[in-house]
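Annotated in TrEMBL:
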{"type": "TRANSMEM", "residues": "177-197", "note": "transmembrane segment"}
{"type": "TRANSMEM", "residues": "203-227", "note": "transmembrane segment"}
{"type": "TRANSMEM", "residues": "248-269", "note": "transmembrane segment"}
{"type": "TRANSMEM", "residues": "281-302", "note": "transmembrane segment"}
{"type": "TRANSMEM", "residues": "333-356", "note": "transmembrane segment"}
{"type": "TRANSMEM", "residues": "362-383", "note": "transmembrane segment"}
{"type": "TRANSMEM", "residues": "395-415", "note": "transmembrane segment"}
{"type": "TRANSMEM", "residues": "427-447", "note": "transmembrane segment"}
{"type": "TRANSMEM", "residues": "459-481", "note": "transmembrane segment"}
{"type": "TRANSMEM", "residues": "487-506", "note": "transmembrane segment"}
Amino acid sequence: MLQPTASKKHEKQRSFWLGCNEIPNQVAIEDGRDMATSDVDNAATKIGTTMEVYKTYKMVEEAKPLREEVWSWYLYELCTYFIHTTLMPVIFPLIISQIVHHPPKPSHGWWRTRLGLPCRENQMQLYEKLTLRSINVSTSTFSPLEWTSYSWSLGLILCSPLLDFISNQLDHGNKQLIIAGAATTIGAFFCLPVGFLKVTWIFPPYIIVIVIANIIAASFHTHHLGLIVRNFTGPKNQFTDRRKISSWLTVCATVLGCLGSVLVSTFTYHKLQESEKFLSLWVVSIFSGLKWLAGIFHIFFIRRPSETLTTTSTLPEQHFLSIFAYPRAIRSLIAVFLSSFTTMCVFTGGLLYLLGQLCLKPTFLLFFWQTYFIFPMIALPLLRQLQLVVKANAVKMQLLGFLLSTMTSGLGFYYHDYVWHRQNVLLFAATQGTSVGLLHGFGRILVLDCSPSGKEGAFSTWYSWVRAIGTCTGFAVASSFPGNASTYFGIAFCAATIGMSLLVFGNVSEFGGGVKAALVNDNEDGENGPSVHEHMSVEAAA
């Protein structure tokens, strides 16, 4: 049957909505003439148009994630976000502090802090154990905090030779799921036996393996997000839709990650109240390993096997270094380093200040901890809606995150000799926790929006490694000056200020990065494919 007059664009859209399940036997009437002739050119045009529409339909079908795939991606964030926020900076130093010798009595006594405030003896002893350099290695001495940062940095260094292999496997290999599953299993397993040997030298091997495994698994997790949004490329309006979809995904994942950190931190506090703290903290480490292992279910719901990965002309040995051809991606990675450094420096330094200088009660420290992780679970979705209203991109959201960190670190630097009121401490925790969520979520989007198709694995590997370096460096700086709050708060303030300056004056742009990565073209009429909002709703899938 002949169809009424229709433009080629309308015919494409109609074929898409019909699902392209069959090729019409006859073509539409155009300008009152029957185009269903035996002319070979018209037949070729007809076949070409149909194949073009079919490819467009197939592209959207490949891009559209199932509900199970989206939730499994969220699950992994729920099961692993706590590694950088709780396991490494809190649990391991606490376990090591239970092995070292009893610290000598400080000059200000066990019942007073350095600020002259009253304190409990057991709380002051815990602070002294964490900060006193009681671990002897040759001619060097380390505190439990410094011993953790030293082991952490060794893991980052030893991981560097594997990064090229990992990036090649993510983009060109067919063993991504095996590698991700093995990394998750090995990392989770090494959380289990930390209490078998009650010696300090055993912890560097544990921490090194956990750090390497976490970087590999995090690269896979970030790469998966790049695959989900890979096909949303084309005109500018479609790239805007890609930004909205990726921001919603990463905000939801960060919210669930904060929930996972709340669970682990609350369990840690509960176990610290028991008399046998070493065995109790060992139970927390076992719980952390089992929680991490639960995230392995993520790999069973991946709908993007290796054959969907495109190959490029880049030589395998140069693939990992190909990021240096994209200056905006490099600047985005620098922003990721500064953000992770700033947030961890403020977090670690803030906890040490509240524990050893203000000596707040343990129950209030729990409230501080919970506020730090729970408030972003409310603030991030609200800020996401504000982002849609003001049409802010990832750069502006990162600027907001840096601004919040600048406020907290600046106030901590200025008022480090004052006694903080409890309501101010909770406000501090809520503000800084929101900053962490913004910088983590939108930093990942900014890097992925600069990665061209077929190189998401290389960019994801860089992102995971640089983020881990920044986190470790921030933890090391705060651990090196435990009794000098003005130093680590001042350093964090300078880092946040540099990060803001980089985003404002460093020509950092997700749209500019997308143009360089060939994710955006000059075709503004939208004929490269259907709109994401018309044919896909990840928010509905979530």
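Any Cβ shown, glycine's included, is placed from N, Cα and C.
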Recorded stretch that, among 177-197, 333-356, 362-383, 459-481, 487-506, has the most CB pairs under 8 Å to the transmembrane segment (395-415): 487-506
Recorded stretch, among 177-197, 248-269, 333-356, 362-383, maximising Cβ pairs under 8 Å relative to the transmembrane segment (203-227): 177-197
Spatial neighbours of the transmembrane segment (362-383) far in sequence, C-beta under 8 Å, 6+ residues away: 85, 123, 251, 254-255, 258-259, 261-262, 265-266, 269, 272-273, 347, 351, 354-355, 397, 400, 422, 425-426, 429-430, 432-434, 436-438, 441
Region pair the transmembrane segment (333-356) / the transmembrane segment (248-269), three or more CB pairs under 8 Å: no
Cβ-Cβ under 8 Å with the transmembrane segment (459-481): same-chain residues at least 6 beyond its ends: 84, 88-89, 131, 143, 145-146, 148-149, 152-153, 156, 159-160, 163, 166-167, 170, 211, 214-215, 218-220, 222-223, 226, 320, 323, 329, 333, 336-349, 352, 443-444, 447-448, 450-451, 487-488, 491-492
